[in-house]
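Chemist: TrEMBL feature annotations, pasted as is:
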type: COMPBIAS; residues: 278-291; note: compositional bias 'Polar residues'
type: REGION; residues: 276-296; note: region 'Disordered'
type: TRANSMEM; residues: 65-87; note: transmembrane segment
type: TRANSMEM; residues: 99-118; note: transmembrane segment
type: TRANSMEM; residues: 194-215; note: transmembrane segment
type: TRANSMEM; residues: 221-246; note: transmembrane segment
type: TRANSMEM; residues: 306-324; note: transmembrane segment
type: TRANSMEM; residues: 367-384; note: transmembrane segment
type: TRANSMEM; residues: 405-422; note: transmembrane segment
type: TRANSMEM; residues: 490-514; note: transmembrane segment
type: TRANSMEM; residues: 534-554; note: transmembrane segment
């Protein structure tokens, strides 16, 4: 009897006490939320000032090279998410996958503080190459060669390992935490996803307020040292809480089975060779073969049909992610060209200090611009969990996860429309040559005399959309996925959000070509000769069209699910 139980799952040791299950389930979920907050604090601590770190005099990277490295890191942290989920489903199990990912996270993140001081850089990267002297440039318009990025192989390797660890934790910790409260009912899972998202944003606030400030104003060694400390503390908490966790062994990922079925149908000759080779191997070693429990071909086909229904829902969210990631790119760029009030009144008012304190040894980090969205989420998640959801539940009006996601897409559409309207108003001031010059860091931006507080509505709307689209999206991906594919499906969910970010960046790059709406080569970093308002309205059109498609697909999915329930209920009654 103990052997089959151990094969299925290991229940928490501490849950055997009287009245223990509910109390220890909540404790286990709280431990997962704390690990998530610390991991997100470390992630934002690495990414928030990565461009500034690589662009410093330590490494001789120009701005484009540093930005490319940051984009590679952020993109890989999303696109590699299915890999970690599949490994957990097929081989490691979620608990072991998270523990190993945190260990890899700790090792890879230690590379950044190690390269923040001279001796460490020499140990990992070698000596700084001397710049070669060439002939003087004959004319001021001749192109200048970009400097060779120092320590590029070491830093890229560390960032990619860090992205792999972060993506694996992202795809597995969410499902692992939901497993801890699954016995407490469906509403407990919904509340867990609410507070999971709240924990993510708590980590972001901690990182942006403290770590980013230390990195920019004290030194990067201490700043990146704090990120390593966050990962180490998360690793310790996760291991310390292991006795109260529900842990499940890997049951074998049906992703592999479905790939085999696809290979069998598409390439029968190749499949015949593969099966013949396997049969010969089993004939030569019959004694070493042990029966492995696994899904039957009928279960494979049933779960494949579920996957075929889930994927269109998740894919139609990609345009929403294109809109969502604007707050980290074009929204910030728009804010730099709006008048930022002087927060140091003792200095002359005709020079907008914006994000810099002239004559002061401390500067407000540019990364703090992202706090607008984070604060909105931190406020709205408790309101939704304690007030809105219970009220709707008592009135029997609580919408399904798909209905919430459609509502979130509407708020995303409204956000980008408001941003487009603000950009039209900003450009009218620019065309009348009514500008205010303001210095941010080392760059001077010519801004319209509109206060940056006019951006609050679009940040508020994108924060509300996040509450209704992203959190129910996580709940939908976890609850609807087949049990043997939950890690992989959660990974696909995060991967598609990264695809949305890359598509948004690709659209910006396409419109920045000569003749495009965002082509303004003579602005020297400003966007006053660009038509970014048209870009916002184009995104709104794409979001509106795909939202209608999403509503149609979601309606078919819910009708099919209701039909399946109505067909299964009579059979249970007869039994």
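Every residue gets a Cβ built from N, Cα and C, even glycine.
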Chemist: I need to check the long-range neighbours of the transmembrane segment (490-514): which residues 6 or more away from its ends have a CB within less than 8 Å of a CB in the stretch?
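Modeler: For the transmembrane segment (490-514), the list is 71, 74-75, 77-86, 167, 170-172, 174-175, 311, 314-315, 317-326, 329-330, 473-474, 477-478, 481, 535, 538-539.
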Chemist: Looking at the transmembrane segment (534-554) and the transmembrane segment (65-87), are there 3+ C-beta pairs under 8 A, with each pair at least 6 apart in sequence?
Modeler: no
Chemist: Same chain only, please: residues at least 6 beyond the ends of the transmembrane segment (221-246) with a C-beta under 8 Å from a C-beta of the stretch. Say none if there are none.
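Modeler: Sequence-remote neighbours of the transmembrane segment (221-246) are 9-15, 24, 27-28, 31, 34-35, 38-39, 41-42, 45-46, 49, 95, 98-99, 102-103, 105-106, 109-110, 112-113, 116-117, 176, 179-180, 182, 207, 210-212, 214-215.
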